[in-house]
Amino acid sequence: MAFRVSGAVLGGAVRAPRLTGGGEGSLVFRHTGLFLTRGARVGCSGTHGAMRAAAAARKAVMVPEGENDGLASRADSAQFQSDELEVPDISEETTCGAGVADAQALNRVRVVPPPSDGQKIFQIDPMLQGYKYHLEYRYSLYRRIRSDIDEHEGGLEAFSRSYEKFGFNASAEGITYREWAPGAFSAALVGDVNNWDPNADRMSKNEFGVWEIFLPNNADGTSPIPHGSRVKVRMDTPSGIKDSIPAWIKYSVQAPGEIPYDGIYYDPPEEVKYVFRHAQPKRPKSLRIYETHVGMSSPEPKINTYVNFRDEVLPRIKKLGYNAVQIMAIQEHSYYGSFGYHVTNFFAPSSRFGTPEDLKSLIDRAHELGLLVLMDVVHSHASSNTLDGLNGFDGTDTHYFHSGPRGHHWMWDSRLFNYGNWEVLRFLLSNARWWLEEYKFDGFRFDGVTSMMYTHHGLQVTFTGNFNEYFGFATDVDAVVYLMLVNDLIHGLYPEAVTIGEDVSGMPTFALPVHDGGVGFDYRMHMAVADKWIDLLKQSDETWKMGDIVHTLTNRRWLEKCVTYAESHDQALVGDKTIAFWLMDKDMYDFMALDRPSTPTIDRGIALHKMIRLITMGLGGEGYLNFMGNEFGHPEWIDFPRGPQRLPSGKFIPGNNNSYDKCRRRFDLGDADYLRYHGMQEFDQAMQHLEQKYEFMTSDHQYISRKHEEDKVIVFEKGDLVFVFNFHCNNSYFDYRIGCRKPGVYKVVLDSDAGLFGGFSRIHHAAEHFTADCSHDNRPYSFSVYTPSRTCVVYAPVE
């Protein structure tokens, strides 16, 4: 769509061009189609009522006079014709070939479809009728904000490109720097460019708390800020004078021997900028996600790099049969041990692992391999750091966050966003857009969503499934509406993008489309499954209840897709245990070599490790996730390098002498064919390729025909496949009859007991199993199999 804008003349700060002897100056500003700021005034409560009123009051925007003020990146700048702005379309964008995507995008209009009535959720689940007032209020608030954004910001598409207005943006004339800091009394740009002189480049403030300065190019036409220069903003605030990294900074680094990070003006020469060459893959029918962390992805005890990950780790992910890689800790975080979850610089990729161009080359290589790249994005909270983060940015307790106790997460020691604030919406929506647009990520896994959606943050609360727990006074409606907006934005502009939410509460409508009245995620993490396996592993498997296992795996809301997992990075952290460690414990260190006799503990552990993973994939959801190394039972936990620490509670936690020894992944163990880890890895690979071939996770047909408690046998159908699990510790069953829906001949397509997978080769793979015209377990046909103890076998009809 195109929208019209009107002109205005305002005042602003400008620095005289360097090397010209110029002095104080002023600029004429003109109004453009990209509105600058809205409704975030000093002392504003941040509620949507005040936010909307402030938005309506805004009628002018400040930008320096000139042809281009960085309104669009130089790669795909939208041109102004008269007073109309044509917004390019993403719906048919590709990244194949240098510049192809940008050229195509210029010829199309990007649109986020308008809201509907949001009533379909009541047809999908009539039980929601009892909570119609809450849900309709939620949807009306979403519609109102969409309307305000359309009216005052030119729509979600323009609003989410605010990174082209805030922070540093280069134009043909120079560089404009803008920052929202309503609490500051004065502000100045400081850094290498002016020898950190706070009097050299003072900024001016408008009525909405936005500070700004325009730096003209040098007399010789060169940039007023050289690429790679250190930059900060010095502000006189209610808390005193402080230097802060710009909130919208695109890159930051930690100088050797220093603790706080420095912001870096990042604008490399054209010949250095990475050009994407490969098209982004289409969204697969089912997701098989390999969860990763770049820094700890090396077998060596060190911080790994984007480049090494690109060259060494991506090919192994492809070989293993996964079709998506989820990368943690991309957003800059000054504390490495936070696993990337205490974000300090939201628009900056972590410099520990390399440069932004290195990250782009990683993503492009993944696309070449046909892998989706999902980013583990953190919008649920922010680091409490004041030196290099957003906390206390303008010297106030509020700014981007709630004030008082509501703005502090007592368990995570982090700050909590005020999602009812207009500028918070601008910042976070633009942040999501930035990673998709600039780096070509294919979607997000949103971290800590439960903490966002409830004022109790899901802490010390047990969710029982009662709808009052989801649609009551404990629900942070502003946060839920933000999630609706960000999903609306992502799916409207990038239809192939994937969004996954980490929600432990099971909120109804969470994974239903926004236009139907839902929150809008494509998937929710099926977090109860991993918890169930840990509970079971604390017991003897002789006591496991088959019906209990099946219930946990299949306990999902209709039409709301799930990504399931037996374990993720959470279980691999120090203080917890992986499934392999629960099963085999210290025996893993002494009895995993094939030239040494095994033990009953190892035999049991390897067998159950394979069974747990396959039944989780088979019944647990429409997507599957594995954390790197767990596919082969990685024997070491994760312990980031750290010194001693005293928590706010007063509890003392000893350090590990800043060692990297347990902060790595020993892929060499899974690759070593003389170790039993190799067989476990081979099974996981076969499991992924089986799903790739048969797409059973997303099959419309699922039928669980047997949950036999005495036999410890589970039998179910997914598509045309028949899965047989025998969890009994001793009993193997000959001529065991199982039901099926199709007549014919069945063959083995996956056998956990195969010698290749570290099993005992008790199944004859060449055997053909002919169905009988006799019903069994409420199935019209049946056939007989041999099912050894602690095995899982998958049968498929012979073509």
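Here the Cβ of each residue, glycine as well, is placed from N, Cα and C on the backbone.
Look at D447 (active site, nucleophile): DSSP puts it in coil. The active site, nucleophile annotation in Swiss-Prot covers D447 and rests on similarity to another entry.
Under the heading active site, proton donor, Swiss-Prot lists E502, citing similarity to another entry as support. In the shown protein chains, 20 other C-beta atoms lie within 10 A of the C-beta of E502 (active site, proton donor).
DSSP assigns K232 ((1,4-alpha-D-glucosyl)n binding site) to a strand. Non-local neighbourhood of K232 ((1,4-alpha-D-glucosyl)n binding site): L189, V190, G191, D243, S244, I245, P246, D262, G263, each in the same chain, at least six residues away, with C-beta under 8 Å from its C-beta. Per Swiss-Prot, (1,4-alpha-D-glucosyl)n binding site is recorded for W196, K232.
Packing around D570 (site 'Transition state stabilizer') is summarised by its Cβ count: 14 other Cβ atoms lie within 10 angstroms of its Cβ, all protein chains included. Per Swiss-Prot, site 'Transition state stabilizer' is recorded for D570, and the stated evidence type is similarity to another entry.
Feature annotation from Swiss-Prot assigns transit peptide to 1-57.
Listed in sequence order, the residues of the same chain lying 6 or more apart from D447 (active site, nucleophile) and placing their CB within less than 8 Å of its CB are Y341, D376, V377, V378, H379, S380, E502. Within its own chain, W196 ((1,4-alpha-D-glucosyl)n binding site) has V190 as residues 6 or more apart in sequence whose C-beta sits under 8 angstroms from its own. The secondary structure of E502 (active site, proton donor), as reduced to three states from DSSP, is coil rather than helix or strand.
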